[in-house]
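Here the structure comes first, spelled out in structure tokens, and everything after it is commentary.
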């Protein structure tokens, strides 16, 4: 059996920019991407904590150390600058792979700096 599991998560990032006229996607600081094993062009699910919107797009790597979280194209209509978002990727695993799977979760502060990294096999508790 194949199961779809959360693989990488950026928890409580703040939207720094919104660009309607860009060709689509979300731009994320490359350092943040590396921390949670998200690749450029990878599909991400996004939840806006401020308005409840849920949507999908793909990733563009942003400047390292910038803290940039920029929604581009049509997705920019679903956020405002300073909204708090959760960005997630998923992976499909078989029963054997599930044994060793540990998602990477980066908990962010208001400046989009990583304040906690969580690597847990059994759910995550944010402290």
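Each residue, glycine too, has its Cβ placed from N, Cα and C.
According to Swiss-Prot, 73, 74, 75 bind substrate; the candidate from 57, 89 that the record adds to this site is 57.
Taking only the Cα positions, the spacing between residue 75 (substrate binding site) and residue 58 (active site, proton donor) is 11 angstrom. Taking the Cα atom of each, residue 74 (substrate binding site) and residue 25 (active site, schiff-base intermediate with substrate) are about 9 angstrom apart.
Cα of residue 73 (substrate binding site) to Cα of residue 25 (active site, schiff-base intermediate with substrate): a span of 7 Å. Other than the site residues 57, 73, 74, 75, same-chain residues with C-beta atoms no more than 8 angstroms from the centre of those residues' C-beta atoms, the substrate site, are 24, 25, 26, 55, 71, 72, 76, 77, 78.
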